[in-house]
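Visitor: Here's the feature list from Swiss-Prot:
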BINDING   166-173, 191-195, 213-216, 283-286, 314-316  GTP binding site
COMPBIAS  371-382  compositional bias 'Basic and acidic residues'
COMPBIAS  383-399  compositional bias 'Acidic residues'
DOMAIN    1-159  domain 'Obg'
REGION    371-405  region 'Disordered'
């Protein structure tokens, strides 16, 4: 199944049923008076977060979703039947945005969470409501109200506690295979991973967190190179970043410069994102002679001016992986507990994530508009530099993001 993380849909809530004008007709009851019932209420449209879907691909092919119209009223003061509400299933981590106002209607981050996105119309009134002392036989009834019509954008961001970042072939997919049951494709060429992969890292009884393997970034990604920022937005909901650096690249490149590329791209794309807590992981230590390893790792850390936490691993053999798992679990648990115990800290965390998501959304849309303008100019014959931005409408990837237990 294709991984689709954006879709624009049109939703129409159900129209309300019409009220009717009718009169009581019963033997031995002359001038029975009005008995027209009201119309039913039109169905609302909701989105509901489900864990059995991980892509918005269905909304690429079915872009219009209408709730049913309610029934008209009936005689004998019987109201018409309201129409059923329409529920649109979306993956956990979906944000709903009104395309006309750019208002964020809500985020769905829990299984079963629902969000009202279009309200059904109220039913019309039957002629019973218009009876008065001067008008005992009203023939007036009102029509039902129309349901809301909206054009919305669904944006999917994977929900993970930890985001794996690094250049292509840094060992991210191998790492997530080591720590979870996720099985992303692994190969010795760049861009093996084309879509985010999620894995649940199980530490023990009731202790686990979710890790996301984000497709590799390259220099210029914030301006559209390679996979561009197409999937960088998926780290917007992570608590911290795990930055993997290949200390012995097969192409002979400098690991220090490779690490700086990622740090610079994060800063260019979103300063708020670059300020997330980061852990540096020096990977593939099994590829360096033991007598040279300590000197090389010390050199990399010093050249980067890194003052944060550093781990050394060999993801292929699993060396050093457990230490990272337990460190991450302890940090995440402390943060979760503090959010529960300290309302001020919880509010600050929420505000930070809201700022981050707003910044990511703004930057993503700005780059998409620049890409569209460049493509339009190219069609008109303007000489433009090559633009490799991967527009979401042209996504042909064939992999689905899957939660692995």
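The backbone N, Cα and C atoms fix where each Cβ goes, glycine too.
These numbers come from a predicted model, not from an experiment.
For each listed feature, how buried is it and what is near it?
Guide: Residue 166 (GTP binding site) has a Cβ environment of 25 other Cβ atoms inside 10 Å.
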Visitor: To what whole number does the mean pLDDT across the domain 'Obg' (1-159) round?
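Guide: That stretch averages a pLDDT of 89.
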Visitor: Go through 172, 284, the listed binding-site residues, and name the one with the sparsest Cβ surroundings, counting other Cβ atoms within 10 Å.
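Guide: Counting other Cβ atoms within 10 Å of each of the binding-site residues 172, 284 gives the minimum at 284.
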